[in-house]
Every structure is written in C-alpha cells, then in structure tokens.
Amino acid sequence: MATVLAVSVRVGRRSEAVLLVFACAIALGARAFVDANAGGGIGASLGIYSIAVIALAVAAHTVVRLRAPAADPILLPAAFALTGLGLAIIRRIDFAYAARGRVTHFADAQEVWAVVGILGAMLVIGLLKDHRLLRRYTYTAGVLGLVALMLPLVPGVGREVNGARIWISLFGRSLQPGEFAKIAFVIFFAGYLVSNRDTLALAGPKVLGIRLPRPRDLGPLLIVWAAALLVQVAQRDLGASLLFYGLFVAMLYVATQRISWVIVGLALFAAGAVAAGTIFAHVAARYDAWLHALNPSVYNSGKSYQLVQGLFGMASGGLFGTGLGNGSPGLVPFAESDFIVPSLAEELGLTGLMAVLALYLVMVQRALRTAIGVRDGFGKLIAVGLGFSMALQIFVVVGGVTRVIPLTGLTTPFLAYGGSSMIANWIAIALLLRISDLARASATDVPLRGASAPADTARTALASAPGVEENTVEENNVEEGTVPVPDGATDAVAERKAAR
C-alpha cells in the first residue's frame, strides 16, 4: 500500500506540474493578446512578466512538492490560471480607462498583491504542518474575525468607499479586513461546530412533517443572524452579511446533517431581507435597480446605470466575445472590481465565461472532495467552509451582474481587483492544500516512507500536542454512536473492523 501511495503522490505532482504549464500559458497568452490589441504592441515588459510568472509557478510547485507532497494536484494550477487571467483583464481595463482620459494603475498594484498572496500561501504550507493544530485557536480565530470585521467602524481607521464602510487605511494602503475575517470565521465555525454538534443535532418539535431544532439550541444561529444584520446596518455591506450568514448555515448543516437548520436559516434570511429592504434606503435602491433595471426613470436616476451597462457589455460579447483588447469595458463603472465578470464576458464571450465558471466549479469540487477524504471533523468543516464560501461568492457575483439576484458588492475570487481578496483567497488555497495532503496521505493505514513525509511528521507532533484530535477521532465517534451518522454507517464500521 505504501508503494501504491508513493506512486500516486509522484503522479499527482507530475500532473500538477503539467497543469501549471497550461496555467502559465493561459496567463501569458492573455497578457500577450491584451498588449497586442490594446496596448500598442508586445514589448519587453511581457518578457519580464513571463519570467516572474514562471518563477512563481516553479517556486509554488516546489514548496508543495516538498512540504505537502500528497496534496490535491488541481487546486494550485486552477488558482494560478484564474489569477493570471484576472491580471490580464485588469490590465485591459487600465488601457480602456486610459483611452477615455483616465490614467489608472490597477494592474501594477494587483500584480504586487498576487505575488504577496502566492508567497503567503507558500508560507502557510511551509509553516503549518497539520491543519488540526488550528483547532487550539478556535475562539482566538473567532475574536480575530470579529475585530477584523468591526475595524472599519473605528474612527480614524475605517474609510467609507462608495457608501460602504468596509475599508481601513494602513501604511497608505487601503485594506478590506473582512476578507481575512472570512478565513478566521471558517476556523471558528469549524471548531465550534465540531465541539457542539451532538447538542445541535438533537431533534426538537415536529412542524408540518419537519423535525425542527430544539428552541434552546437556536441561540448560535440567532446570534450569527443578528451579527449579519448588524454588519448590514453599520457597514452598509450587503455582500459580507450574506456571506458570513450563509457560511454558518451551510457548515451547521454539514456538521449536524439536519435539513431543519437550513429551513430555519432560510426563514430567518427571508425575514431579514424583507426587513432590510423596508427599513434601509440603500437596500431598497438595490432591490429597485434589480427589479426595474431597464425602467427609464430608474436608469436615468443612476440606480441601474452600472448594471445595465454590464448587461449591454455581455450582450455585445455574444458567444465567442470581441477578443481580448477589442471590447469596451471602460464604459462600465468599476469594471476592474465589482463588474469584472461583464468585462470578461464581453471580450471572451459566453464560451469564455462558462470556461471560467467551470474552473471555479472544479475548485469547489476539489474542496468538497478534500472534505470527504479527510478523516477528522475539524478538517472536513474547514474544507467545506472554504469551498462553500467560494461557491457562494461566485453565485452572488454572477447572479448580481446577470439580474438573477440583487447586486451585493462581493469580489470575484482571484479575478477582481483587490489586494485583501487576493491574499485571503490564496491563503484559503494553502489551507485546502494542507488538508488535502493529510487526507490523501492518510488514505492507507500504512505510512508513506521517504525523504519527505509530512503526514508522518504531523502525526508524531500531534501525539504530544494537547487539545488536538487524532486522525481516528471521527472513526471512534462513529463506532461509539456519539454523533449522528447516516443510515448504514454503523454497518460500514463493522465491515472495516472485520476486514482488519
């Protein structure tokens, strides 16, 4: 079995290397098309850029090969491809703004943030030997998440941009701490739910054929619901409140396996959405722009101008797009951030947009596959939380610009302009790589021998680490019947015992 696993690891890293070549080709090809069609021709800067991209890809692959040799081979190339494509689109938008008399340097700044994000991911992979060590800091992560979320409200520190107070100024740079709060809350939710899922899974009264949670157990959900509304009130940030609340409900469902939590969560969400649309003028304006975007009075008032321009841009792209550098993304306000999806769809068409969405779908699928493969409940919930947060962000962003749902202001992972988002998303990729490394290395009870065996090192370290659960915790819980399990799980455990 050890030989089989060693071969699987080598094949996985070779697959990752091949996919990274394709990812670099996408990044460099997109940059070349943008320079040729909109930048006045390909210059020496493309050569320097190519060296930097290839060097980063080689460095990241080397770190993963040495520190997480059994990690998922698809996550890193997918993130590289999306990052490179995003940099090319943002550079294209810089050229579009320049043609209209507005000089911007979004691409230059985003390139710096991309380097910082990739280096940060490499640092996390190198320093974090086992994700279960994070469980020690469950409540610390919760406190840090709250501090990061509320930091923009501090006078003199927070900044209001476009009506939302979600930014802070640090050393002359604008940062969005809510992006880092997302990761902190995933860790906090995972640790809390693993410790309390037995209680939260207990059945309560039956209403209309649905077994609801016990009223006494609704406290955590109500607290998160109230906190989401508080964020909406204080920061005027509809996207963040939706993301954090949806993240908790999804992780709560996975931890307890009770659909009743989803039903209660959706009911509270609907109540909050109606209340927000009734009480807050800016939310009502979002609803109005969503429902009546093409109404002349709404459009002329400016409420739906951005949305309509994005729709026209996507329509002009058609099936195959105008080609990189040949569209008019500069007509859409905030094309580099909130509306980068219409910019991409205009120049790459519906085909290109679907390819990008498929790439996101693959990343979410790999996150969920990692959650299935890892044995400990803490790692399962972190992987689910990170994968679901990406899926929810993509749904909210794409749904907003296509009028499926109201606009919220969330960023598109890896594509949209924003340093905080770029760094946070690369850290999320690093955590998924670390979890998948342990999941794949633990696929057999025979340890992986060799020069680099981080899973063995982690197990040795965990043996003397207080407060961290072993890899067999989940299995023992299932055998003892201390947590809710699906039908047939007990039989499966019995079969595994007999096989041993």
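These residue numbers are counts, starting from 1, taken along the chain as shown.
Placement of Cβ uses the backbone N, Cα and C atoms for every residue, glycine included.
Noted in TrEMBL for the protein shown:
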REGION    459-500  region 'Disordered'
TRANSMEM  42-62  transmembrane segment
TRANSMEM  74-92  transmembrane segment
TRANSMEM  112-128  transmembrane segment
TRANSMEM  137-155  transmembrane segment
TRANSMEM  175-194  transmembrane segment
TRANSMEM  238-255  transmembrane segment
TRANSMEM  262-285  transmembrane segment
TRANSMEM  348-368  transmembrane segment
TRANSMEM  380-402  transmembrane segment
TRANSMEM  414-433  transmembrane segment
The transmembrane segment (42-62) in contact with the transmembrane segment (380-402), cutoff 8 A, at least 3 CB pairs, sep 6+: no
Range from 74-92, 137-155, 238-255, 262-285, 414-433 with most C-beta pairs under 8 A to the transmembrane segment (112-128): 414-433
Considering the transmembrane segment (380-402), which listed stretch of 74-92, 137-155, 348-368, 414-433 counts the most C-beta pairs under 8 Å: 348-368
Two-stretch contact, the transmembrane segment (348-368) and the transmembrane segment (74-92), at least three Cβ pairs under 8 Å: yes
